[in-house]
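Contents: one structure, followed by commentary.
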Amino acid sequence: MNQQELFDKYQDTFAAQGQDLFFSPGRINVIGEHTDYNGGHVFPCAISLGTYGVYGVRDDDQVQLFSGNMEGDVVSFAITDEAPEEAEDRKWANYFKGMLVYLRQKGFKIDHGFNLYVYGNLPYGAGLSSSASIEMLMGQVLKDEFNLDIDQIDLVKLGQKTENDFVGLNSGIMDQFAVGMGKKDNAIFLDCNTLEYKYMPLELGDYEIVIMSTNKKHSLAASAYNDRVAECGEALKRLQTKLDINSLGEIDEDTFDEYSYLLNDETLLKRTRHAVFENQRTIQATKAMTDGDLEKLGRLINASHVSLHFDYEVSGTELDTLAEAAWQQPGVLGARMIGGGFAGSAIAIVKKDQAENLKQKVGEIYREKVGYDASFYDAEIVDGPHKL
(Lines of atoms letter the chains of each structure in order from A and count residues from 1; the text may use other names and numbers.)
(Lines give C-alpha, C1' and ligand atoms only; values in the text may rest on other atoms or scores of the structure.)
Protein backbone atom coordinates (compact mmCIF):
# COMPACT_ATOMS: atom_id res chain seq x y z
CA MET A 1 0.00 0.00 0.00
CA ASN A 2 1.51 3.37 -0.95
CA GLN A 3 1.29 6.58 1.11
CA GLN A 4 -1.75 7.97 -0.72
CA GLU A 5 -3.63 4.68 -0.30
CA LEU A 6 -2.93 4.77 3.45
CA PHE A 7 -4.36 8.30 3.72
CA ASP A 8 -7.36 7.19 1.63
CA LYS A 9 -7.96 4.25 4.01
CA TYR A 10 -7.83 6.64 6.96
CA GLN A 11 -10.42 8.85 5.22
CA ASP A 12 -12.68 5.84 4.53
CA THR A 13 -12.41 4.65 8.14
CA PHE A 14 -12.76 7.89 10.10
CA ALA A 15 -14.53 10.20 7.57
CA ALA A 16 -11.82 12.80 8.15
CA GLN A 17 -8.42 13.67 6.74
CA GLY A 18 -5.31 12.11 8.24
CA GLN A 19 -2.51 14.50 9.21
CA ASP A 20 0.73 12.54 9.57
CA LEU A 21 2.13 9.20 8.43
CA PHE A 22 4.57 7.20 10.56
CA PHE A 23 6.60 4.04 9.92
CA SER A 24 8.06 1.59 12.43
CA PRO A 25 10.29 -1.29 11.23
CA GLY A 26 10.35 -4.97 12.06
CA ARG A 27 13.62 -6.65 13.00
CA ILE A 28 15.86 -9.60 12.32
CA ASN A 29 18.59 -10.85 14.62
CA VAL A 30 21.83 -11.83 12.91
CA ILE A 31 22.94 -13.92 15.89
CA GLY A 32 22.25 -14.18 19.63
CA GLU A 33 18.95 -16.06 20.00
CA HIS A 34 17.25 -16.60 23.36
CA THR A 35 20.12 -14.69 24.97
CA ASP A 36 18.32 -11.42 25.71
CA TYR A 37 16.34 -12.59 28.75
CA ASN A 38 19.47 -14.47 29.87
CA GLY A 39 21.44 -11.22 30.12
CA GLY A 40 23.59 -11.97 27.09
CA HIS A 41 24.48 -10.22 23.85
CA VAL A 42 22.40 -9.91 20.68
CA PHE A 43 23.14 -8.53 17.20
CA PRO A 44 19.86 -7.39 15.62
CA CYS A 45 18.91 -4.81 13.00
CA ALA A 46 15.73 -3.05 11.86
CA ILE A 47 14.27 -4.03 8.48
CA SER A 48 12.21 -2.30 5.81
CA LEU A 49 9.15 -4.50 6.44
CA GLY A 50 7.13 -2.97 9.26
CA THR A 51 4.06 -1.05 10.40
CA TYR A 52 2.55 2.18 9.05
CA GLY A 53 0.27 4.47 11.02
CA VAL A 54 -1.80 7.44 9.82
CA TYR A 55 -2.54 9.87 12.67
CA GLY A 56 -5.30 12.44 12.99
CA VAL A 57 -6.19 14.67 15.93
CA ARG A 58 -9.61 14.58 17.66
CA ASP A 59 -11.23 17.30 19.77
CA ASP A 60 -12.56 14.87 22.40
CA ASP A 61 -10.88 12.39 24.75
CA GLN A 62 -11.41 9.29 22.59
CA VAL A 63 -8.67 7.17 21.00
CA GLN A 64 -9.93 5.34 17.92
CA LEU A 65 -7.75 2.58 16.45
CA PHE A 66 -8.31 0.63 13.26
CA SER A 67 -6.08 -2.09 11.82
CA GLY A 68 -6.06 -2.77 8.10
CA ASN A 69 -4.70 -6.23 8.91
CA MET A 70 -7.32 -7.40 11.41
CA GLU A 71 -10.93 -8.31 10.82
CA GLY A 72 -13.14 -6.21 13.04
CA ASP A 73 -14.32 -2.74 13.87
CA VAL A 74 -12.72 0.42 15.17
CA VAL A 75 -11.54 -0.02 18.78
CA SER A 76 -12.42 3.06 20.80
CA PHE A 77 -11.52 4.02 24.38
CA ALA A 78 -10.95 7.15 26.47
CA ILE A 79 -7.36 8.34 27.01
CA THR A 80 -7.94 7.90 30.77
CA ASP A 81 -9.03 4.24 30.37
CA GLU A 82 -6.22 2.08 31.81
CA ALA A 83 -7.82 -1.38 31.61
CA PRO A 84 -6.46 -3.92 29.09
CA GLU A 85 -8.96 -4.92 26.39
CA GLU A 86 -10.41 -8.36 27.19
CA ALA A 87 -12.59 -9.14 24.16
CA GLU A 88 -10.80 -11.40 21.64
CA ASP A 89 -11.48 -9.08 18.71
CA ARG A 90 -10.07 -6.08 20.64
CA LYS A 91 -6.96 -7.59 22.26
CA TRP A 92 -4.69 -6.44 19.41
CA ALA A 93 -5.28 -2.87 20.62
CA ASN A 94 -3.43 -3.60 23.89
CA TYR A 95 -0.05 -3.18 22.17
CA PHE A 96 -1.09 0.43 21.46
CA LYS A 97 -3.06 1.07 24.62
CA GLY A 98 -0.28 -0.11 26.93
CA MET A 99 2.12 2.49 25.53
CA LEU A 100 -0.46 5.24 26.07
CA VAL A 101 -1.26 4.07 29.61
CA TYR A 102 2.39 3.84 30.70
CA LEU A 103 3.39 7.19 29.18
CA ARG A 104 0.50 8.89 31.00
CA GLN A 105 1.41 7.09 34.24
CA LYS A 106 4.90 8.55 33.91
CA GLY A 107 3.33 12.00 33.95
CA PHE A 108 3.50 12.82 30.24
CA LYS A 109 0.70 15.10 29.06
CA ILE A 110 -1.53 13.42 26.49
CA ASP A 111 -4.55 15.66 26.73
CA HIS A 112 -6.77 14.93 23.72
CA GLY A 113 -7.94 12.00 21.66
CA PHE A 114 -6.80 10.91 18.21
CA ASN A 115 -7.48 8.45 15.40
CA LEU A 116 -4.85 5.99 14.19
CA TYR A 117 -5.17 3.84 11.07
CA VAL A 118 -2.58 1.06 11.16
CA TYR A 119 -1.34 -1.23 8.41
CA GLY A 120 1.60 -3.64 8.54
CA ASN A 121 3.42 -5.47 5.75
CA LEU A 122 5.27 -7.77 8.13
CA PRO A 123 4.12 -11.33 7.37
CA TYR A 124 1.88 -12.41 10.27
CA GLY A 125 3.53 -14.90 12.62
CA ALA A 126 6.87 -14.66 10.79
CA GLY A 127 8.78 -13.87 13.98
CA LEU A 128 9.93 -10.48 12.69
CA SER A 129 8.65 -8.63 15.77
CA SER A 130 5.36 -7.20 14.60
CA SER A 131 4.46 -6.60 18.27
CA ALA A 132 7.59 -4.51 18.97
CA SER A 133 7.04 -2.70 15.67
CA ILE A 134 3.52 -1.75 16.82
CA GLU A 135 4.62 -0.71 20.33
CA MET A 136 7.39 1.50 19.00
CA LEU A 137 5.10 2.95 16.32
CA MET A 138 2.68 4.05 19.04
CA GLY A 139 5.54 5.38 21.15
CA GLN A 140 6.88 7.44 18.26
CA VAL A 141 3.42 8.79 17.34
CA LEU A 142 2.82 9.94 20.92
CA LYS A 143 6.36 11.32 21.30
CA ASP A 144 6.10 13.39 18.12
CA GLU A 145 2.47 14.48 18.18
CA PHE A 146 2.40 15.44 21.87
CA ASN A 147 6.01 16.74 21.98
CA LEU A 148 6.99 14.33 24.76
CA ASP A 149 10.49 14.87 26.15
CA ILE A 150 11.43 11.20 26.54
CA ASP A 151 14.70 9.46 25.77
CA GLN A 152 14.42 6.84 23.02
CA ILE A 153 15.80 4.08 25.28
CA ASP A 154 13.13 4.90 27.89
CA LEU A 155 10.53 4.54 25.13
CA VAL A 156 12.07 1.15 24.27
CA LYS A 157 11.76 0.07 27.93
CA LEU A 158 8.08 1.08 27.94
CA GLY A 159 7.61 -1.07 24.84
CA GLN A 160 8.97 -4.07 26.73
CA LYS A 161 6.84 -3.19 29.78
CA THR A 162 3.76 -3.06 27.53
CA GLU A 163 4.57 -6.51 26.15
CA ASN A 164 5.33 -8.03 29.58
CA ASP A 165 2.79 -6.36 31.86
CA PHE A 166 -0.06 -5.03 29.69
CA VAL A 167 -0.22 -7.74 27.01
CA GLY A 168 1.13 -10.45 29.32
CA LEU A 169 3.88 -12.04 27.22
CA ASN A 170 7.36 -12.80 28.53
CA SER A 171 10.03 -11.16 26.40
CA GLY A 172 13.49 -9.72 26.70
CA ILE A 173 14.40 -6.21 25.61
CA MET A 174 15.93 -7.12 22.23
CA ASP A 175 12.92 -6.70 19.93
CA GLN A 176 11.93 -3.25 21.14
CA PHE A 177 15.57 -2.13 21.24
CA ALA A 178 16.27 -3.36 17.71
CA VAL A 179 13.17 -1.59 16.37
CA GLY A 180 13.33 1.56 18.48
CA MET A 181 17.08 2.16 18.02
CA GLY A 182 17.40 0.92 14.43
CA LYS A 183 19.97 2.60 12.17
CA LYS A 184 20.21 2.30 8.40
CA ASP A 185 22.82 -0.25 7.19
CA ASN A 186 23.85 -1.04 10.78
CA ALA A 187 23.28 -3.85 13.24
CA ILE A 188 23.24 -3.19 16.99
CA PHE A 189 25.67 -5.06 19.26
CA LEU A 190 23.67 -4.95 22.49
CA ASP A 191 24.51 -6.21 25.97
CA CYS A 192 21.05 -7.03 27.33
CA ASN A 193 22.38 -7.02 30.89
CA THR A 194 23.63 -3.42 30.89
CA LEU A 195 21.91 -2.03 27.74
CA GLU A 196 25.34 -0.88 26.56
CA TYR A 197 25.29 -0.93 22.78
CA LYS A 198 27.21 0.05 19.71
CA TYR A 199 26.27 0.34 16.06
CA MET A 200 28.26 -1.80 13.66
CA PRO A 201 28.00 -1.37 9.88
CA LEU A 202 26.57 -4.55 8.38
CA GLU A 203 29.08 -4.63 5.54
CA LEU A 204 28.36 -7.82 3.61
CA GLY A 205 30.05 -6.90 0.32
CA ASP A 206 28.82 -9.26 -2.40
CA TYR A 207 26.41 -10.93 0.05
CA GLU A 208 22.90 -10.14 1.26
CA ILE A 209 20.50 -11.39 3.92
CA VAL A 210 17.42 -13.27 2.71
CA ILE A 211 14.52 -13.80 5.13
CA MET A 212 12.83 -17.20 4.74
CA SER A 213 9.36 -17.43 6.33
CA THR A 214 7.88 -20.83 7.20
CA ASN A 215 4.29 -19.60 6.74
CA LYS A 216 3.40 -22.06 9.49
CA LYS A 217 -0.15 -21.42 10.60
CA HIS A 218 -0.05 -22.48 14.24
CA SER A 219 2.68 -22.00 16.77
CA LEU A 220 3.54 -23.44 20.16
CA ALA A 221 6.04 -20.64 20.57
CA ALA A 222 4.38 -18.73 23.42
CA SER A 223 4.07 -21.67 25.82
CA ALA A 224 7.48 -23.12 24.94
CA TYR A 225 9.07 -19.67 25.17
CA ASN A 226 7.76 -19.27 28.71
CA ASP A 227 9.03 -22.79 29.52
CA ARG A 228 12.54 -21.85 28.35
CA VAL A 229 12.50 -18.67 30.41
CA ALA A 230 11.53 -20.74 33.47
CA GLU A 231 14.16 -23.43 32.77
CA CYS A 232 16.92 -20.84 32.47
CA GLY A 233 15.69 -19.19 35.66
CA GLU A 234 15.96 -22.50 37.51
CA ALA A 235 19.44 -23.12 36.07
CA LEU A 236 20.57 -19.67 37.20
CA LYS A 237 19.25 -20.34 40.72
CA ARG A 238 21.29 -23.56 40.96
CA LEU A 239 24.46 -21.89 39.69
CA GLN A 240 24.00 -19.00 42.13
CA THR A 241 24.54 -21.41 45.04
CA LYS A 242 28.28 -21.18 44.20
CA LEU A 243 28.61 -18.30 41.70
CA ASP A 244 28.05 -14.58 42.32
CA ILE A 245 26.12 -13.91 39.09
CA ASN A 246 22.87 -12.20 38.13
CA SER A 247 22.42 -13.81 34.70
CA LEU A 248 23.65 -16.69 32.54
CA GLY A 249 25.19 -14.08 30.25
CA GLU A 250 27.94 -13.49 32.81
CA ILE A 251 29.36 -17.01 32.37
CA ASP A 252 31.92 -18.09 29.76
CA GLU A 253 32.45 -21.63 28.43
CA ASP A 254 35.15 -22.53 30.99
CA THR A 255 33.00 -21.43 33.93
CA PHE A 256 30.09 -23.43 32.52
CA ASP A 257 32.28 -26.56 32.31
CA GLU A 258 33.60 -26.08 35.83
CA TYR A 259 30.23 -25.51 37.51
CA SER A 260 27.89 -27.58 35.33
CA TYR A 261 27.72 -30.24 38.07
CA LEU A 262 25.46 -27.83 39.99
CA LEU A 263 22.78 -28.20 37.34
CA ASN A 264 22.63 -32.00 37.59
CA ASP A 265 19.77 -32.24 35.09
CA GLU A 266 19.97 -33.03 31.37
CA THR A 267 17.43 -30.43 30.29
CA LEU A 268 18.96 -27.64 32.39
CA LEU A 269 22.44 -28.57 31.11
CA LYS A 270 21.31 -28.24 27.51
CA ARG A 271 19.43 -24.97 28.05
CA THR A 272 22.35 -23.39 29.92
CA ARG A 273 24.90 -24.60 27.39
CA HIS A 274 22.93 -22.86 24.65
CA ALA A 275 22.58 -19.61 26.61
CA VAL A 276 26.30 -19.50 27.46
CA PHE A 277 27.72 -20.64 24.13
CA GLU A 278 25.30 -18.55 22.03
CA ASN A 279 26.36 -15.47 23.96
CA GLN A 280 30.02 -16.26 23.21
CA ARG A 281 29.18 -16.93 19.54
CA THR A 282 27.57 -13.49 19.33
CA ILE A 283 30.69 -11.79 20.73
CA GLN A 284 32.83 -13.78 18.26
CA ALA A 285 30.50 -12.88 15.38
CA THR A 286 30.89 -9.15 15.93
CA LYS A 287 34.68 -9.60 15.99
CA ALA A 288 34.42 -11.54 12.72
CA MET A 289 32.45 -8.62 11.25
CA THR A 290 35.12 -6.15 12.39
CA ASP A 291 37.83 -8.37 10.84
CA GLY A 292 35.85 -8.71 7.61
CA ASP A 293 35.78 -12.50 8.08
CA LEU A 294 32.34 -13.26 6.63
CA GLU A 295 33.04 -16.99 6.35
CA LYS A 296 33.57 -17.21 10.11
CA LEU A 297 30.38 -15.21 10.65
CA GLY A 298 28.55 -17.77 8.50
CA ARG A 299 29.93 -20.72 10.47
CA LEU A 300 28.86 -19.13 13.76
CA ILE A 301 25.37 -18.56 12.35
CA ASN A 302 25.18 -22.25 11.38
CA ALA A 303 26.38 -23.27 14.84
CA SER A 304 23.68 -21.08 16.37
CA HIS A 305 20.99 -23.02 14.51
CA VAL A 306 22.45 -26.39 15.55
CA SER A 307 22.45 -25.27 19.19
CA LEU A 308 18.86 -24.00 18.94
CA HIS A 309 17.90 -27.40 17.49
CA PHE A 310 19.75 -29.78 19.83
CA ASP A 311 20.29 -27.85 23.08
CA TYR A 312 17.42 -25.37 23.19
CA GLU A 313 15.01 -27.57 21.21
CA VAL A 314 13.00 -24.73 19.66
CA SER A 315 13.49 -25.22 15.92
CA GLY A 316 11.05 -27.83 14.55
CA THR A 317 10.68 -29.43 11.12
CA GLU A 318 9.85 -26.26 9.19
CA LEU A 319 12.74 -24.12 10.43
CA ASP A 320 15.18 -27.04 10.23
CA THR A 321 14.13 -27.67 6.63
CA LEU A 322 14.76 -24.04 5.66
CA ALA A 323 18.16 -23.81 7.36
CA GLU A 324 19.42 -27.22 6.24
CA ALA A 325 18.24 -26.67 2.65
CA ALA A 326 19.96 -23.28 2.60
CA TRP A 327 23.24 -24.83 3.82
CA GLN A 328 23.30 -27.01 0.68
CA GLN A 329 22.97 -24.10 -1.78
CA PRO A 330 25.89 -22.45 -3.59
CA GLY A 331 26.95 -19.04 -2.33
CA VAL A 332 25.46 -19.47 1.16
CA LEU A 333 27.75 -18.50 4.04
CA GLY A 334 25.31 -19.39 6.81
CA ALA A 335 21.66 -19.86 7.72
CA ARG A 336 19.69 -20.24 10.94
CA MET A 337 16.28 -19.88 12.50
CA ILE A 338 15.52 -16.53 14.14
CA GLY A 339 12.97 -15.57 16.77
CA GLY A 340 11.24 -17.63 19.43
CA GLY A 341 11.07 -20.82 17.39
CA PHE A 342 8.68 -23.57 16.18
CA ALA A 343 7.42 -21.31 13.42
CA GLY A 344 8.39 -17.91 12.13
CA SER A 345 11.45 -17.35 9.98
CA ALA A 346 15.04 -18.17 9.22
CA ILE A 347 17.72 -16.05 7.58
CA ALA A 348 20.43 -16.92 5.08
CA ILE A 349 23.51 -14.91 4.16
CA VAL A 350 23.92 -15.57 0.45
CA LYS A 351 25.90 -14.20 -2.47
CA LYS A 352 23.75 -11.61 -4.25
CA ASP A 353 24.02 -13.39 -7.61
CA GLN A 354 22.85 -16.67 -5.99
CA ALA A 355 19.90 -15.24 -4.03
CA GLU A 356 17.25 -16.11 -6.63
CA ASN A 357 18.63 -19.64 -6.95
CA LEU A 358 18.48 -19.99 -3.14
CA LYS A 359 14.83 -18.91 -3.06
CA GLN A 360 13.90 -21.32 -5.84
CA LYS A 361 15.81 -24.38 -4.59
CA VAL A 362 15.00 -23.95 -0.89
CA GLY A 363 11.37 -23.24 -1.87
CA GLU A 364 11.18 -26.53 -3.81
CA ILE A 365 12.72 -28.58 -0.99
CA TYR A 366 10.44 -26.92 1.58
CA ARG A 367 7.27 -27.51 -0.45
CA GLU A 368 8.19 -31.16 -0.99
CA LYS A 369 8.97 -31.82 2.67
CA VAL A 370 6.45 -29.59 4.48
CA GLY A 371 3.57 -29.55 1.99
CA TYR A 372 3.08 -25.82 1.46
CA ASP A 373 5.12 -22.83 0.30
CA ALA A 374 7.68 -20.79 2.19
CA SER A 375 7.99 -17.06 1.47
CA PHE A 376 11.20 -15.15 0.82
CA TYR A 377 12.05 -11.50 1.44
CA ASP A 378 15.19 -9.43 0.89
CA ALA A 379 16.22 -7.73 4.12
CA GLU A 380 16.94 -4.03 3.72
CA ILE A 381 18.41 -2.54 6.92
CA VAL A 382 16.68 0.73 7.87
CA ASP A 383 16.28 3.43 10.55
CA GLY A 384 14.00 3.08 13.57
CA PRO A 385 10.49 4.59 13.90
CA HIS A 386 9.99 7.97 12.24
CA LYS A 387 7.51 10.33 10.64
CA LEU A 388 7.47 10.01 6.84
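Note that Cβ sites are derived from N, Cα and C of the backbone, with glycine treated the same way.
Quantities reported herein were computed from a predicted structural model and do not represent experimental measurements.
Copied over from Swiss-Prot, here are the features:
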ACT_SITE  Asp175  active site, proton acceptor
BINDING   Glu33, His34, Thr35, Asp36, Tyr225  substrate binding site
BINDING   Ser67, Gly125, Ala126, Gly127, Leu128, Ser129, Ser130, Ser131  ATP binding site
BINDING   Ser131, Glu163  Mg(2+) binding site
SITE      Arg27  site 'Transition state stabilizer'
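Structural mapping of features recorded in Swiss-Prot.
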| residue | record | DSSP class |
| --- | --- | --- |
| Arg27 | site 'Transition state stabilizer' | strand |
| Glu33 | substrate binding site | coil |
| Ser67 | ATP binding site | strand |
| Ala126 | ATP binding site | coil |
| Glu163 | Mg(2+) binding site | helix |
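Using a 10 angstroms CA-CA radius around Ser130 (ATP binding site), none of the binding-site residues in His34, Thr35, Asp36, Glu163 qualify. The recorded positions in question are Glu163, Asp175, and the one with the fewest Cβ neighbours inside 10 Å is Glu163. The Cβ of His34 has fewer other Cβ atoms within 10 Å than any other of the recorded positions Arg27, His34. Taking the Cβ of Leu128 (ATP binding site) as reference, residues of its chain lying under 8 Å away and at least six apart in sequence are, in sequence order, Gly26, Arg27, Ile28, Ile47, Leu49, Leu122, Ile211, Gly339, Gly344, Ser345. Within the same chain, the residues at least 6 positions away from Thr35 (substrate binding site) whose Cβ sits under 8 Å from its Cβ are His41, Val42, Cys192, Gly249, Ala275, Glu278, Asn279, Thr282, listed in sequence order.
Once Cβ contacts within 10 Å are tallied over all protein chains shown, the binding-site residues Ser67, Ser130, Ser131 are led by Ser130. Once Cβ contacts within 10 Å are tallied over all protein chains shown, the binding-site residues Gly125, Gly127 are led by Gly127. Here ATP is bound by Ser67, Gly125, Ala126, Gly127, Leu128, Ser129, Ser130, Ser131 per the record. The longest Cα to Cα distance in that group is 19 Å.
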